[in-house]
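Report on the structure given below.
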Amino acid sequence: MSSSGWNTLESDAGVFTELVESLGVKSVELDELLSLDADQLRAVAPLYGVIFLFKYTHSALAPTTPGIPQDGSYDPDAEHAIFFARQKIQNACATQAILSIVLNRSDIQLGSALTEFKAFVEGFDSELRGETLSNSELIRLTHNSFSRPTPFVDETQPQRQAGDDDDLYHFIAYLPVNGTLYELDGLQPYPISHGVCTDETFSEKIVEVLYRRIARYPEDEVRFNLLAVCRDRRELLAAVGDTEGLLREGEKRAEWRRENVLRRENFVGLIYEVLKGVLGDVVANKGGVGFENMISDAKAKTQKRLEEAQRRKMQSNSW
């Protein structure tokens, strides 16, 4: 991944919770829902919205009739009434989905950075909002801080176009705003309205909408994930004096932090030292080239292959 790109994020409650907290959002957490059930959604109230992860296929997203989404209806007039941004760069959909919820809820404390961002893009259309979001250094670096860096990437190689058989996944947001249930998907031209909806009826209505979406897939497709965006459980438990619940939440948060630390580590240094220890004596005992020289030779050969690939690319582009 280049220094200017966006890495793939895992659909994990701990990742998303720490991500929004790192951007300055207060009193919000995400919970993974293990079943698509209105009662489960009501159990995490107050519920601000949900993030849905599904396998990306062109057939699942493309309108069957031009200008009409497969479910619901486009609402071009909502483009300036709510925050909606087109997705302009690959892998940004995870962060874009959570921002689509927190930036549209007046009852969420955004913090100074996102408050300034929201005010800055308020008069922009969805295309320019998407460009601005993609070029935000703060948002991109925060996003990438929750993924494992990839130090060995040959950027001279063109990216292969993905097909329906590839395991690519996409995040979208659903939430009630201004009395309407909206689907906010940066790959769509406009917000998609699913009808009248309030905070009180959201739990029932979103289940119906998601069941219709899942029905577009083959019966054996089970790779879906649903994250609820809700109030920080610790605040609710503290308000009722539930000390045992607070202890469990503290343990959960500690586990999230530990897992996120591991997600950021590529373990290259550890692997290098292990290999050095295991192979060093073997190489020395055989009287061959030392381990350090082997590494240097390997680096030189790799660099030579990259230079040759770049030279071939330049020659092909000169026609």
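Glycine is no exception: its Cβ is also placed from the backbone N, Cα and C atoms.
Taken from TrEMBL, the feature active site, nucleophile applies to CYS93. The feature active site, proton donor is assigned by TrEMBL to HIS170. Residues or ranges marked as domain 'UCH catalytic' in TrEMBL: 5-231. If you look up TrEMBL, you'll see GLN87 marked as site 'Transition state stabilizer'. What TrEMBL records for ASP185 is site 'Important for enzyme activity'.
The structure, with features from TrEMBL marked on it.
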residue	record	DSSP (3 states)
GLN87	site 'Transition state stabilizer'	coil
CYS93	active site, nucleophile	helix
HIS170	active site, proton donor	strand
ASP185	site 'Important for enzyme activity'	coil
> Which one is closest to the residue listed as 'active site, proton donor' in space, judged by CA to CA distance, out of the recorded positions GLN87, CYS93, ASP185?
Replying inline: CYS93
> If you measure ASP185 (site 'Important for enzyme activity') to the residue listed as 'active site, nucleophile' at Cα, how many Å is it?
Replying inline: 8
> Including all protein chains shown, what's the count of other C-beta atoms within 10 A of the C-beta of GLN87 (site 'Transition state stabilizer')?
Replying inline: 21
>> If I take the alpha carbons of GLN87 (site 'Transition state stabilizer') and the residue listed as 'active site, nucleophile', what is the distance between them in whole Å?
In response: 7
> Near CYS93 (active site, nucleophile), which residues of its own chain have a C-beta under 8 A away, given they sit six or more steps off in sequence?
Replying inline: GLN87, HIS170, PHE171, ILE172, GLY186, LEU187
> ASP185 (site 'Important for enzyme activity') has how many other Cβ neighbours within 10 Å of its own Cβ?
Replying inline: 25
